[in-house]
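Below is one structure; the comments refer to it alone.
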């Protein structure tokens, strides 16, 4: 095993990377509230794992979406647990994200030179809410259907482009199969890629600039 490690160490400099990661200075004023962002990340990883597991059984059609969710809950081994964890973790992720935003704002973490970290965080917050909106509709039950109908109808109040935005969200003039397909695609492909990119940027900025000082 030592020879294998030495082979990788010679090429990747694993020890140097490990020392750089573990030797970062942590200011003495840091407390448990500075962990809220990390907890949000953990919730996202749980979301990713449980959501990925459910894609093996979920059917994104208006005729089969609800029955496939019932199948996950009642027939799939531990399916009820996986979906329940997905729902609980979603709520926890939103809560931790809100608390994290408040912590950063109240401690002045958005000030120079961390403006871009703050902006990327706000974008991540918008993406997180978008996850909630798109995921809420996927069971295609009464609650999900009417939630989509209301959300997709709100932009119609915008002058000139409102109807165009609503039609884009619905995939047409009314809520139907095209709507569910778009929300499923956004929830499982578009939004995960977006949040991964902005998370990487967010963490790199934190790594580069360090944790903000006390007020």
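Here the Cβ of each residue, glycine as well, is placed from N, Cα and C on the backbone.
Now, the feature entries from Swiss-Prot:
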- 32-52: transmembrane segment (TRANSMEM)
- 35: heme c binding site (BINDING)
- 86, 187: heme b 2 binding site (BINDING)
- 90-110: transmembrane segment (TRANSMEM)
- 100, 202: heme b 1 binding site (BINDING)
- 116-136: transmembrane segment (TRANSMEM)
- 186-206: transmembrane segment (TRANSMEM)
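A map of Swiss-Prot features onto the structure.
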residue : record                : contacts (Cβ under 8 Å, 6+ apart)
35      : heme c binding site   : none
86      : heme b 2 binding site : 46, 47, 50, 51, 54
100     : heme b 1 binding site : 36, 37, 40, 121
187     : heme b 2 binding site : 131, 134, 135, 138
202     : heme b 1 binding site : 117, 120, 121, 124
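Using a Cβ-Cβ cut-off under 8 Å and counting only residues 6 or more beyond its ends in the same chain, the transmembrane segment (32-52) has close neighbours at 82-83, 85-86, 89-90, 92-93, 96-97, 99-100, 103, 131, 188, 192, 195, 199, 211.
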